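**Student:** If you look up TrEMBL, you'll see 1-31 marked as region 'Disordered'. According to TrEMBL, the feature compositional bias 'Basic and acidic residues' maps to 18-31. TrEMBL lists 56-128 with the feature domain 'Fervidolysin-like N-terminal prodomain'. Taken from TrEMBL, the feature domain 'Peptidase S8/S53' applies to 178-432. Here TrEMBL flags Asp184, His239, Ser399 as active site, charge relay system.
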Amino acid sequence: MLRSTGPAAGLPPLPGSLERDTAATVPKDPEGRMSRSIALAALLPLVFCSLLPARGESAPYVPGRLLVKFRPGADGAARAAVATELGATTLRRFTLIDAECMKLGAGVSVEQAVERLRGRPGVEYAEPDYELRVEGAPNDEWFPYLWSLDNTGQTGGTPGADIHAVQAWDVFTGDPHLKIGVIDTGIDYTHPDLVANVWTNPGEIPDNGLDDDGNGYVDDVHGYDFANGDGDPFDDHSHGTMVAGIIAGKGDNLIGVPGVCWQAQLVAIKVITYNGYGTIDAAIAGLEYAVTLGIKLTNNSYVAQSYSQALLDAINAARAAGCLFVAAAGNGGSNNDQDPRYPASYNSANIIAVTSSDNVDGVALGANYGPTSVDLAAPGVDIISTFPDSMYRTMSGTSMATAYVTGVCALAMGQHPELTAPEIKGRVLAAVDVEPYLTRKVLTNGRLNAFTATVADVGPETISGIALGRAFPNPFVERTRIAFDLPHPGHATIEVFAANGRRVAVLADRVLGAGPQSVEWDGLDAGRRPCASGVYWARLGFEGRRASRRLVLMR
């Protein structure tokens, strides 16, 4: 699989003020940061017996800290008794999931605390506070280098192996009122290519030490820093600023790079420190903050190796609040179906799990994949984006790919405000370009397409007088109903094909009447066996003419 390491012949050298992060092309470190500052690391297990790493495994967590989830109805006395027994003090409370982050007393280890709380009345679970790590046609100055947005073969790749952003921008460039939560290392909110799209809290007075708007956060003018516990989420690492530029760098402003959204409100939610590390405690607090602000879309370009029930509870609570959670599959070249990476591998309906594709529409070198656990691919190799101190650099990894998907979700939300978060997810997944090198690597077998997800008509497809209309629901879990229309009575066939072209079901093969009608598919094949999750095609045949409709089955 080809990998681009620089501009192709015919393009001028990268502008002098653009610093190429040469480490971004090293396969062992595809995010382009130093080896210990690239991927958000570890989460925790669901039940007490699996809360700690297996022998021989390494899952770093914060010594002396514990996350405790209480059962519904646990009173103040029961909670206080837990703290007293452990000699603990509460560092942070999460109203979103009714849990606490506790600092354990001297002489009490995390392992001992987990064991003491096993089966304790009023406690649902307790788990370590594991570390997280960050993974890695406008007139804008460096747009010609962004093959991810418009691939003409300029980096030696395949023309058209891009997200078709230019076509989408011809119709829509973003909603200036849509808030997007960037849960990361913060944002350089003074960057000239970001400043116009950074959210400013209208109810907060900067630097007065007061919670002016009464939302529970002091001086949260552009977001909040949960890694350090203050109201200044300025990026002292770089990862979050690069992610932000991909999502919503100001477009058509004669400088720098355009983001997928030229207009948006980026909310800086800092959960990772200057060294690229954070904690589950901070990630949950950041997501709770997003829900408090009414944010309906968050970018989560961090990865962990261990399971955290507390983080999953927070994601599910955000789902109930209508928030879409876009997550990076991680870097390491492994199969997430077999070796999960969280939060992307959680089974939650509001998560979109993203891997990285290269400039020939294959899975990028070093990117994690998963035929059932990763939803789609998006460009993530040698991506130029904003960097702190008014600079620009290149970086590679699933973090970059995740930001592209978040940007397209934002475009779709702005263009279709009537759609819910699950409907936006369904639209984005159903809109992918199916690619041979991505087949059986991701659930949809495809790469992100901004135009189809945002602008393209998803109503009836009409070919020579026959129409195969909308399938609802789509994506679906158990069954979907497919609408179609015939110009006059006659023999028609409606068949379902897998993405590899294999016919899996025949829904109709008979004489049908004229006019609008529908047929149902229950997700079973011709032998009445459940079909696997993935992309399928319903095909209507009538008098030598055919029309097709993409379906997404999600078990």
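Note that Cβ sites are derived from N, Cα and C of the backbone, with glycine treated the same way.
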**Student:** Cα-Cα separation of Ser399 (active site, charge relay system) and His239 (active site, charge relay system), in Å?
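**Tutor:** One finds 9 Å between the Cα atoms of these residues.
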**Student:** Report the DSSP secondary-structure composition of the domain 'Fervidolysin-like N-terminal prodomain' (56-128) as helix, strand and coil residue counts.
**Tutor:** 19 helix, 27 strand, 27 coil
**Student:** What's the CA-CA gap between Asp184 (active site, charge relay system) and His239 (active site, charge relay system) in angstrom, rounded?
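**Tutor:** Roughly 7 Å, rounded to the nearest whole number.
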**Student:** Please average pLDDT over the domain 'Peptidase S8/S53' (178-432) for the predicted structure.
**Tutor:** 94
**Student:** Please report the three-state DSSP label of Asp184 (active site, charge relay system).
**Tutor:** strand
